[in-house]
Amino acid sequence: LDLKSKKMNCKRVLKADQQASARPMHATSVEGVDDMIQLGDLSEAGLLRNLLVRHRKGLIYVGPRTHTYTGSVLVAVNPYKDLPLYTQEQLYHGQKLGELPPHVFAIADTCYYNLKRYDTDQCCIISGESGAGKTESSKLILQYLAAISGRRSNLEQQILESNPILEAFGNAKTIRNDNSSRFGKYLEISFNQDGAIEGARVEQYLLEKCRVCHQAEAERNFHIFYCMLAGLTAEQKKKLSLKDAKAYKFLTRGGSIVCNGRDDAKDFGRIGSALKVLTFRESQSWEIYKLLAAILHLGNISFEGKAFLLEGLLERLKHFSLASSMLEVPADVLEKSMTQRSFLTNRETVTKPLNKEQAADCRDALVKAVYNKMFLWIVGKINGIIGKAVKEDSGSSHRSIGLLDIFGFENFLINSFEQLCINLANEKLQQFFVVNIFELEQKEYLRQGVVWDNITFSDNKPTLELLVSKPCNLLAMIDEESQFPKGTDSTMLYKMNQQHKENKGYVSSKNEHDSQFGIKHFAGQVFYDSNGFLEKNRDAISSNIIMMISISKNKLLHDIFKSELSNKGAMGDKKQMPTLSGQFRRSLESLMKALDACQPFFIRCFKPNKDKNSEGFDRELCMVQLRYSGMMDTVRIRKLGFPIRHTFKDFMFRYRVLLNTAVCDPKKDAHDSILEQARELALAKVVLIIQRVMFGLHDRYCILEHTHSERESQRSSYRWQIPMGDLVCEGARDRLSVEEKEKKKKKKEEEEEEEPFKEDKEFSFQKFCSLHFQGDASHTHISQRLREPLLAHQDERDSLVNVKWMFQPEDAREEDVLIGEGPTLDRPLTPLEKLHIIVGYGLSRPGIRDEIFCQILKQLMGNGDKEVCLRGWTLLSMCLSSFPPSQILIKYLENFLRRGPKGYAAYCADRLRRTVANGEREEVPCEMELQATESKKPMDVTVSLMDGRKFTLQVDAACTSGEVLREVAQKINLTDTYGFSLYISIMEKRWSLGSSGKHVMDSVSQCEHAVRQQGSEESRAPWQLWVRKEMFTPWHDCAVDPVSTELIYRQVLLGLKAEEYVLTSGSVGPYRGSNLRLPPPSDSRPVGGCLRLSTFQDEFVLRCAEAAEAAKMIQTNLEGLRQRSQYAVAMQELGQPGGARTHARTHARTHTHTESHTHTHIHTLYSVMVLFLRLLECESLCDLSLTRTAGKDLNRVGATQLAFRERLWVTSKEPLKQPLLRTLTNNSELSTIACNAFVDILSITPYMGDYPIKHARSPMELTDQIFGPATQHPALQDEIYCQIMKQMTNNRNRVSMELGWQLLWLCTGLFPPSNSLAKHAHRFLKSRPRDPLASDCLKRLQNILRSPRQHPPHYAEVDAIHRNSTQIYHKVTFPNEADELFEVTSTTTIRDLCSTIATQLNLSSPDGYGLFMKTAVKVSVVLGDILKHVDFPATPSAFLVFFMRKLWFNVIPGRDLTADLTFHYPQEMPRYLRGYHNCSREDMIELAALLFRIQTDSDRSQFVMIPRMLKELVPDDQIDLMSSDEWKKNIISSYNQQMGITADEARVNFLKVISSWPTFGCTFFEVKQTCEPSYPTNMRIAISKVGVSFIDPKTKELLVMHPFGKITDWQTDNHHFHMSIGGLVQGTFSCETPLVNTALSSLCLVLMKKQDESEHYNTRRIYIHPVIMD
């Protein structure tokens, strides 16, 4: 038989004897098979031939695919190139092992399947030589598991992103592998019961730290060094004094700097992105880079004798000083640590200088220790992030899949101690493979009596016995010699040769001068060089280095050496220090125990050649790997054995669905995969039947519900057309004739058409004038005084204000000035005095504030006098700094400010924003504010500390004491800020401004007022601001914050010197300065309130100017004492049946204190010490005098209550001692929650009962506490029903009953009672037909059965029922600024509300529209979940609900006019003006003309305003494209070509133009990315109906567009967004954006829409039933 030789490309003729032994090749060996069990020629040559044939075809996976309980094996040949084998289409999810060709994904999927099916831990052991592809196989399995686990969260991304970090710090280029793992890694991924990833943990083994200092020829240092030097910016490298890689000795000792196929700069971007994903702070990343730079600088230091070389001294000293500064160690200390060594003798410490070789070794030991400890710290930090959830939920059951990626077998020209440890680990794994594949399998056959011929296999037990098992094994001898002070490498080698020279697995040294010994491993014989063995095994860090690190100020350096620094005495305990081999052996034993507890899978990685050539296949190398991996024996035992084994019970339980009869035939046998397929087909048929029936029932129900709603809407459609006042009388409405209805409807339509304003979007002052001004008052300025106010006022005193005289010069006079307006002095009023009059009116009378603003705005409109306008804008800014306008005026005022003159527009807008945020002022402005306003600059104030330091801060008129304190605390690093207050002093008087919301400028104004009363000028007021400690907590600890303690100490010293403290009997008396107050303001506004203080015996009502703050302070102290104290509460009086019982409470544990006390006010009541902290109520009382209320006779009340037996099912005013239902008694946590809920029911103010409460709480807070836990714990729901019904049984209090019905009404709208309680609840409601809420509660019970809610009642529900109303209306705002009210119920869903809105607006379809919630912080999309789940605010004034288009599918401008005008145009126009679209010059001119027509309503007289309106007509970034005159000329020309169209038609034409652009309807996000160097750092993402586009924001060019079909996964974390693109392993994109949640939501929405379009909606449905009220 002639065989073709690939290398010779010729025919080779066989000899006669060879021809006689030759036989035809089996058919399976011609083309190759993916399952080697199917090979007809089962020999080493057949296996090798199969690998060769498949390698040439690019098929790199092969193996015995049979799935057994003892594991499955996959052979993976490294292709040395990228193959299209890892795309989304390659998912093996749901497929059984053997159904598809062999693949690494098949192994991963089988691990996951077995984890869920058998509830057992799995592991995948990846082995092979260095460069065989183990690391890549591990990453592929990890990415596959993250993709199929079903949970899209940031945790999976964090686990995936740990790989780039560990690879950067632990991998390096070797002669055999460009990405060789220089450490072992075992990644254990934890899954919950649903199969979702819950966390992970990384275990590392034996980092090759010597690579930091030494590399073999053609090898590199760890990747991170080269990536850092290539990826840092020039500025960052300058800070670290770094250059290129060739400048550092530690990076050039291998002679290789560049690694082909790796982009170090790009990899550095990935590393930085991964560090952010894993929540490494920027400061932490920078500290890592500093230590890496220090290592590089240390490497450039050389030694000579006992000192530095003189030649090149400056350069070396430079590197030395740089390393010293980055380690933050004094230079002399660092020098001594590297050039001296200290020894501890019995009496003293001896210091010995080192020679140059020893100094270099000491330097190398330092950098190796630093790098190794830093690597361990990074691994620990990663474990703290990805394993956090598992640690917190340690009580739950978790299963795991382990991935072992450990260094492969190594045999170099020179092998050292590291190679011995690495090969030991491979021997252990080989033994694990042998035991699981051969020994356990054959023992099971013998145990069950199966006829079986034992298969011989290669066992490596003798090698393991030589290394670690037998007495006097090699590692034990190395450890023993390491303990001897005089032990050397030569003495160690001599002892090993003498002990093991007769062992067949050991190769002795050739002679006494030979430092090598050999070991016959399973993969071949390896010779080791014993030089350096003992030093590496000792792995000790010298005491000099530890002492140097302890002096360092580098925080990260201290953190990574934390264990060493905590035990500085280790210098004298060297014998107790563990050796490196000992640590490694213990880690291996722990690893093997973990693997033994798992079901194993094996991936045997082969490398086809040593040259990393994608085309080469070295037969000899591959044959060696086949032999030592045991693949031949593995295939034989798989082919001849019995891999599928089920117990009869398990088999029948799993596959009984396949039986068509109840009779079982136990002899029936089939392949496991075939049985699994048949089982799934049978189950699928049953599932389809169930789905068909359920979907049919659901559709019928929906049709009936839709028909019913249509009838209801037809009956109620007329109701919406009648004014709200006409709805009061139902009978009068029914008596209207048809003619009257038509007339009324027609009249209303005519009135709507005659409305004077059409610009719904604009908030012009002219529009406000037409809506709210009285008479014929215009919106422009006038030269005469006003004869009547602009706005209508109920109080006549509010009609006297007139600000016109403020606009006149100081010497101008008016003859018709009203009383109280004009000058009352013989001299003209100063500008400050005029300002005080106007602002004083506004502060004292809130009803006149809008009048002041309107008069100022009126005098500014169209006023051509610049001087007058300047005074007007100054007055406006001062008013805005003092008080805000009403909600009616604020939007018009904001619009007016945007069009203000340069400088004042932004300044006034900022004043308004700050005043709205911090609240109105209490005092008129001061002189400093007037000067700052005229210059439009912030004010500088000096704040003094008690230690003499002073800080200059910039403040504005709205600045509060809390803001000043926070800024000062930040400057001085003050962390314990409690009790510190801002003080102001003047003329030996000092008072506190507190630390919260008091305006600083109000106190300055008081100071100026005091100076003005003494006849001085306001500008000379000698006031000063101080930061002082005002309050202490009883548990104050001076050790918490040294900065705070120092300030308090200085304050006490100064206070004693100034006699501010009075010492009496060794105690400190009251602080004198606390009673100093300036005279109160001149206005008569009521301030303050009352404070009710309840003690054991009496109640006191105290008048307090700041009752709320006093209550908060006392509440904080009492609550803190309660948490830090042990106390008891008596539950029963002494002498009553049952004896004395106490309920003890402590902060940390339960403790009963029975010590007797003799206090007169409690000893008659209790036999135990009771510390009952009764808290505070802050309320408004009319009686401001001190009121004392006699204490209740608690003893008498208690005796009266205990005279009757407590009845369980009647109302009670006492708390529950245990839950009403016995089902909760065994659960202590739920029992406590249930009892607390009853206390809340008793103490609802003013709901039910008069049980004393700790502090006043709103009904919203109490309903959250009552119903919140029950929505999360269904076991509590019946308990809440029973508690409410109990309080409503035999309750004689009418008010309490009414409020009890309100609670029951809320409860019936949240969740239904259980089946056992339902009939009793229905009977309870039906037995009370007279109550109006009873029938409504019954209806709500029926409705809530469909979908119970998951959150407590919403504010709107609580507020409505509190006002005795069961109708809830919610305001919905549209993009065109219009809004309407819509009725909602507790069971209204998002889909229901959207349909209602679409119907009422006459939209063609509700598809594509959604609800958005806008708060002061963000805009959140309401995506199929209840509103409260997206942080729904507690008060309705804090948010707006918008109804907008969110999906832009099939949007054709002009087809739906209502949608175009209400939604499409208002949403698209701002995007266009922000410059998001890439458009031509002609399009911009046409669109500008259309926008001008819309803005001016076709008023040609406004052409002159075009230059000023460019920001409203042209994109922001395109205004400079032409001059203002050119824009005006082109816009007018285009405007003339559009003659004859209305404003609405212009809006539609605008949409038609931009709808042709590819970015029409996109959602844009500004992001920052660093993972892709070819993209700009600041980038724009556009999410459209077809995919996600990356756009350059400067050029607006499309960088790339990723269709949704190519996006496989995405996650979010805080402000980070991560997206997987292409296949499972093709690449990821990460970026930062503050709108990341919105971005992800939009992406999810589009993907859901695409999924609905691609799949049949009737066969697969995504149900979204969010409750609008939640």
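Numbering starts at 1 and runs along the chain as displayed.
Glycine too: its Cβ is placed from the backbone N, Cα and C atoms.
TrEMBL does not curate its annotations; it predicts them automatically.
Listed in TrEMBL for this protein:
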- 31-712: domain 'Myosin motor' (DOMAIN)
- Gly128, Glu129, Ser130, Gly131, Ala132, Gly133, Lys134, Thr135: ATP binding site (BINDING)
- 588-610: region 'Actin-binding' (REGION)
- 739-759: region 'Disordered' (REGION)
- 781-934: domain 'MyTH4' (DOMAIN)
- 1211-1362: domain 'MyTH4' (DOMAIN)
- 1368-1670: domain 'FERM' (DOMAIN)
(message) Centre the Cβ atoms of Gly128, Glu129, Ser130, Gly131, Ala132, Gly133, Lys134, Thr135, go out 8 Å, and tell me which other residues of that chain have a Cβ in range of the ATP site.
(response) Asn78, Asn177, Ser180, Gly408, Cys605, Lys607
(message) Validating a neighbour-count step here. Other CB atoms within 10 A of the CB of Gly128 (ATP binding site): how many?
(response) 23
(request) Under 8 Å Cβ to Cβ from Ala132 (ATP binding site), same chain, six or more residues apart: give me those in sequence order, or none if nothing qualifies. (result) Ala76, Asn78, Gly408, Cys605, Phe606, Lys607
(request) Run through the Cβ atoms and count how many others sit within 10 Å of the one on Ser130 (ATP binding site). (result) 20
(request) List the same-chain residues at least 6 positions away in sequence whose Cβ sits under 8 Å from the Cβ of Gly133 (ATP binding site), in sequence order, or say none. (result) Ala76, Asn78, Cys605, Lys607
(message) For a quick check of packing: other C-beta atoms within 10 Å of the C-beta of Lys134 (ATP binding site), how many?
(response) 28
(request) Identify, in sequence order, the residues in the chain of Thr135 (ATP binding site) that are 6 or more apart from it along the sequence and have a CB within less than 8 Å of its CB; answer 'none' if there are none. (result) Glu167, Asn171, Asn179, Ser181, Asp405
(message) Averaged over the domain 'MyTH4' (1211-1362), what pLDDT does the predicted model reach?
(response) 84
(request) Report the same-chain neighbours of Glu129 (ATP binding site): residues 6+ apart in sequence with Cβ closer than 8 Å to its Cβ, ordered by sequence. (result) Arg176, Gly408, Phe409, Glu410, Ala523, Cys605, Lys607, Gln625
(request) Name, in the order they occur in the sequence, the residues of the same chain whose CB lies under 8 A from the CB of Gly131 (ATP binding site) and which sit 6 or more residues away. (result) Asn78, Thr174, Arg176, Asn177, Ser180, Gly408, Lys607, Lys612
(message) Please count the residues of the region 'Actin-binding' (588-610) that DSSP assigns to helix (H, G, I), strand (E, B) and coil.
(response) 9 helix, 8 strand, 6 coil
